[in-house]
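Below: one structure, written as structure tokens.
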């Protein structure tokens, strides 16, 4: 077992609330299936327990209970585990063996290591650490560089901004190219959500985006550029990635194409992963506690420094300890507009707007983005409006498995489409009442009363954790005492909520040096620079576009039932890591 896991806090990996994400099998015997489908299409479904302890499926519209179906009690076993990080036990054996702070320490202390160590750090992890130590992001960045470079012997350290920018740009390009497809394109950068879809909702797989996450893109870039800068082989490079989520360990182990000596012969493969080890901010703190020779906060007054570099500007330090051939170094640790998960939905709309301005001559001053709230703070919709009347594109953000389950229910193929297209009578009556009360039918007021529907947009940014990546399972937990100001007497959940908001505030202080959301020609030109650089990178290193940016997905069925999977993974350790939940 990991040192992070104890019987007392099995539910600390997704805060502030945990709910089992395994959907119960539908055993509804109600013969009026048409009515049920209609309710599911226009409302939301919740699972509740009645006073007798029986599970009930409650169909609601506008918060009003419409229909109740009794369910059989869900049977949960380890074979059902989705490795969602809500409890890490199912994947503990594999993940601790390959991706843990203990393995990192072993690699660092190995007398025959002969490895060049490099590290990339996510924006959310930097914010979590800065909040935990009550320092600014800039100071935390300097402390992290000091820790990894001067104390732990790493050669290079970078932020994940370049990988994220390329991921955002290519994600938007894919959605634009697939815009004519029926139903929304669903993001795939959250490995917990992806594994859930692969194991339980295979009909969702064709809707998933095929663009890699910033972690994997960064890994490919960093290993190749380090290899060239130091004239060494990729197998001699050890890449550590610090991420906000434990599921990122699973992502790094996906059975993808790594590095091929012969791009024409895919059977000749060298298993050199883009990311060798993934740890979280929480695990980094554990490492520091177990290894007192490493200190994130140097002791006073004889603190070790970056050879006096702590007095330099943080931008100069970023440049000094990145690979010399790393591009756009001034942006390498910068932030992006939109949500704390990377802003994929928001930036898709802005990149699409810039594309319309550049290619079709639209007036950039006539665009607006309207926000439509959902039934809770973890779901909302955005619409790109032109000239105050025409909706040209739409996107949604969906966080947390409760909202994800409602979304996948709506996206499930249904042969009775004619009924699904009907407006629910309750919705029709509500709209009639609004008109009778003299409500304006203007676009702006109509949007105010609408509820976000992620199933009807072009693109959905999906994250398994409530509040998104800023609340990832690997982020540092808040104190359990009243050490946070103005929290005396508050319940722990409220303290956790305040903590997350403060971490989000830290995240938002990371400067946005190149804003994809700016409706300007310069923004489009900057995007073109990134695209041109990545194309030159592919040619220079003889790497295909698919190798750098693309990922594929397959249904992952339960082996304990004897059902064969669609991939030959009997001898594939990466596939074993992904399917370990079905082997317990």
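Every residue gets a Cβ built from N, Cα and C, even glycine.
Binding of [4Fe-4S] cluster 2 is attributed by Swiss-Prot to 190, 465, 469, and within the candidate set 227, 245, 277 the record adds 245 to that site.
Its own atom aside, the Cβ of residue 469 ([4Fe-4S] cluster 2 binding site) has 26 Cβ atoms within 10 angstroms in the protein chains shown.
Less than 8 angstroms from the CB of residue 190 ([4Fe-4S] cluster 2 binding site) sit 245, 247, 341, 462, 463, 464, 469, each of them six or more residues away in the same chain. The local packing around residue 245 ([4Fe-4S] cluster 2 binding site), expressed as other Cβ atoms within 10 Å of its Cβ over all shown chains, amounts to 29. In this structure, residue 190 ([4Fe-4S] cluster 2 binding site) belongs to neither helix nor strand by DSSP; it is coil.
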